[in-house]
Amino acid sequence: MRRKRYVWLKSILVAILVFGSGVWINTSNGTNAQAATITQDTPINQIFTDTALAEKMKTVLGKTNVTDTVSQTDLDQVTTLQADRLGIKSIDGLEYLNNLTQINFSNNQLTDITPLKDLTKLVDILMNNNQIADITPLANLSNLTGLTLFNNQITDIDPLKNLTNLNRLELSSNTISDISALSGLTSLQQLSFGNQVTDLKPLANLTTLERLDISSNKVSDISVLAKLTNLESLIATNNQISDITPLGILTNLDELSLNGNQLKDIGTLASLTNLTDLDLANNQISNLAPLSGLTKLTELKLGANQISNISPLAGLTALTNLELNENQLEDISPISNLKNLTYLTLYFNNISDISPVSSLTKLQRLFFYNNKVSDVSSLANLTNINWLSAGHNQISDLTPLANLTRITQLGLNDQEWTNPPVNYKVNVSIPNTVKNVTGALIAPATISDGGSYAEPDITWNLPSYTNEVSYTFNQSVTIGKGTTTFSGTVTQPLKAIFNAKFHVDGKETTKEVEAGNLLTEPAKPVKEGYTFVGWFDAQTGGTKWNFSTDKMPTNDIDLYAQFSINSYTATFDNDGVTTSQTVDYQGLLQEPTAPTKEGYTFKGWYDAKTGGDKWDFATSKMPAKNITLYAQYSANSYTATFDVDGKTTTQAVDYQGLLKEPKTPTKAGYTFKGWYDEKTDGKKWDFATDKMPANDITLYAQFTKNPVAPPTTGGNTPPTTNNGGNTTPPSANIPGSNTSNTSTGNSASTTSTMNAYDPYNSKEASLPTTGDSDNALYLLIGLLAVGTAVALTKKARASK
């Protein structure tokens, strides 16, 4: 199946075979030169000025010397010319070979191909691996069917646009970026090109293509390839392809190479069931499930991906070549069914168990270097192996490989493994386990720390602790016809256990730790009012221990918990207006200036809005939390004095409290208006809404004087008798009096009541005396006097 890997090389070799291993001179049956002719016999080296070409033509023309002359007839006999790898720098003179049909000038130093411009009989040109940049001379060679120019310096391929008979065109490894000139070359069956191409649209009409190589370009979009349904081989390595969906309908493909792209999803490949050769190396593939049905595959390359599971490959039993190198494999058991494998690569993985290959008896080449394999006994029956590469593993015993007599290539260098740890002692001894193919122990080449070897043991004398000792081995071994150096290093770790003591404010815990290991960090200790800073090698100061990187030394250690004191915030809340202080744990707060509040006396700062405990700024210490202290007040009590014409009573009421309204006072001849904050005028006190201010107050009873009715004339109004039988004399205005219409019976009662006035406790209480009772007495006496005078006057008149 290797032939498919070199499809373009195959085409070149076919052309070379046509030429043969030597040089042929064919008769042209009288065909005359079309491009140029010589008119007389001329020395070879004058026609072909390049020394190397002249030497070649001497042989081709059957001459002895390059100075021998030849005629045009001689030159016309040459139809094919094989001149590769001769160091030719110029093809001057080739223009006289008018009958040339095939030439091979590969691997020379050509820069100018002008002599070809009129050689229109040419059908096949091979000029790969030169220094050609200008291919204009090929523009008129319309009979060309095959043209190979890979690995030159070509940028412009426009001169090829009219070469419509081309069916093979090879232009890889140039500097081509534009392939639009190819759009009309619809006869092409094989095509390769460039390394700077990004746009494949010009290929849309090349539907006869069977083999296409677009390797080493800058292609990301391959949608146009969906039209090329006749493709059998597609090589698209080293591009920028991430989406291969367009390939899903190319079911004629038997060879596909997508090596070196950006593939993650290969689901499209599930439909390409005719594939026999698939190269997906150097991508980002992890899921191989789409490959499970590609049962015709014989070659599969999956190296340098992200594969950890190869189960989908278990049914691909036609595989002969499988590459799984540079992945993330640990389990390779699915390959045990692939019994037709002859070639298997597993290098640079994480494989420790190679036993699944034991059933692959057809294996000829096996590569599993740079893994973790220690036991190779499963290889014992793989007698067809001729190439075994198993370096950089952990192999110590070669005995199982003794029967692999067909080996010609062998690699067993740089084995390396570490034994299980043993406890450190002054004298340490371990057995040597390294064996060659015959089973004999291989003596150490070097032993660390002054150790010595007495078969089968290696011994060290270690007066002070060291964490490991080691030895190396190095011996030439031969298996079959393959000879290599079996070499490696064996490391023996030594455990040293020491105490790590952890101190937290005088309390101690101890852990045993092996030297060189990381300590397990204890749970962080908690200390009220403090933040744990870390574990230090001193009680104060010192160096903080890093549990991620610091390793146990070869001695006991003491680590101390260190803390930093926390700061907390005390918020002072004065009826919603706040200030704050930041104080360390257990610190004393600075007492704020005592706040004031109208009508209240500041009691102090408390830990609750109401109730709670009072904060003592001299002794109370900051707790391990933020706190809020509230200003609390006691309402002040103020005195309200009620003044009724100089007679007073009082009430004590808290600030903003409501006063209890006294019983309405009375005053003869007046109507009570209410209580006012001034003797006259002022504001009337509303006992339902007005609240006690933050000061003592006096409220004054105010009255309005009742109107006085005028006295009746003619004595027509009879006196009024009250319930007590007293006669009320008619009302009269008395100058200087403060009262009017006051009865004699009520006057005495009012005076008595006023002398005993209590506005809050007596329901019978009357207003305090106003001083008007004396005037009433005088009025009464006056009225009696007037009445007496009137009576006496009437009596005198009657007696007359």
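Cβ atoms are placed via backbone N, Cα and C, with glycine included.
According to Swiss-Prot, the compositional bias 'Low complexity' annotation covers 711-756.
Annotated domain 'LRRNT' per Swiss-Prot: 36-76, in sequence order. Shown for the domain 'LRRNT' (36-76): DSSP residue counts in helix, strand and coil, namely 19 helix, 4 strand, 18 coil.
Taken from Swiss-Prot, the feature domain 'LRRCT' covers 416-505. Averaged across the domain 'LRRCT' (416-505), pLDDT for the predicted model comes to 95.
For 518-706, the entry in Swiss-Prot reads region '3 X approximate tandem repeats, type B'.
According to Swiss-Prot, the feature region 'Disordered' maps to 705-757.
As annotated by Swiss-Prot, repeat 'LRR 1' applies to 77-98.
The feature repeat 'LRR 2' is assigned by Swiss-Prot to 99-120.
Remote same-chain residues near the repeat 'LRR 4' (143-164) are listed as 8, 11-12, 15, 106, 120-137, 170-179, 181-182, 184-187, 192-193 (criterion: CB distance under 8 Å, separation of at least six residues from the stretch ends). Annotated repeat 'LRR 4' per Swiss-Prot: 143-164, in sequence order.
Taken from Swiss-Prot, the feature repeat 'LRR 5' covers 165-186. Here the repeat 'LRR 5' (165-186) has Cβ contacts under 8 Å with residues 8, 11, 128, 142-159, 192-200, 202-208, 213, 215-216 of the same chain, all six or more residues outside its ends.
Beyond the repeat 'LRR 7' (208-229), the same-chain residues lying 6 or more positions past its ends with a Cβ under 8 Å from any Cβ of the stretch are 7-8, 170, 172-173, 186-201, 235-244, 246-252, 257. Residues or ranges marked as repeat 'LRR 7' by Swiss-Prot: 208-229.
Only residues 6 or more beyond the boundaries of the repeat 'LRR 8' (230-251), in the same chain, are considered here, and those with a CB under 8 A from a CB of the stretch are 4, 7, 192, 207-220, 222-224, 257-264, 266, 268-269, 271-274, 279. Annotation source Swiss-Prot lists repeat 'LRR 8' at 230-251.
For 252-273, the entry in Swiss-Prot reads repeat 'LRR 9'.
The feature repeat 'LRR 10' is assigned by Swiss-Prot to 274-295. For the repeat 'LRR 10' (274-295), same-chain residues at least 6 beyond its ends with a Cβ under 8 Å from one of its own Cβ atoms are 1, 4-5, 237, 251-268, 301-313, 315-318, 323.
For the repeat 'LRR 11' (296-317), the list of distant contacts is 1, 4-5, 254, 259, 273-286, 288-290, 323-332, 334-335, 337-340, 345: same-chain residues at least six beyond its ends, Cβ to Cβ under 8 Å. Here Swiss-Prot flags 296-317 as repeat 'LRR 11'.
The repeat 'LRR 12' annotation in Swiss-Prot covers 318-339. Only residues 6 or more beyond the boundaries of the repeat 'LRR 12' (318-339), in the same chain, are considered here, and those with a CB under 8 A from a CB of the stretch are 1-2, 281, 295-312, 345-354, 356-362, 367.
Proximity of distant same-chain residues to the repeat 'LRR 13' (340-361), defined by a Cβ-Cβ separation under 8 Å and at least 6 residues beyond the stretch ends, is recorded for 303, 317-334, 367-376, 378-379, 381-384, 389. Per Swiss-Prot, the feature repeat 'LRR 13' maps to 340-361.
Long-range neighbours of the repeat 'LRR 9' (252-273) within the same chain, counting only residues 6 or more positions beyond its ends whose Cβ lies under 8 Å from a Cβ of the stretch, are 4, 7, 215, 229-242, 244-245, 279-288, 290-291, 293-296, 301. Residues 23, 25, 28, 83, 86-99, 118 of the same chain lie 6+ residues outside the domain 'LRRNT' (36-76) yet bring a C-beta within less than 8 angstroms of a C-beta in it. Each residue of the repeat 'LRR 15' (384-405) gets a DSSP state, and the totals for helix, strand and coil are 3 helix, 4 strand, 15 coil. Helix, strand and coil residue tallies for the domain 'LRRCT' (416-505), in that order: 3 helix, 56 strand, 31 coil [DSSP]. Taken residue by residue, the repeat 'LRR 10' (274-295) breaks down under DSSP into 3 helix, 3 strand, 16 coil.
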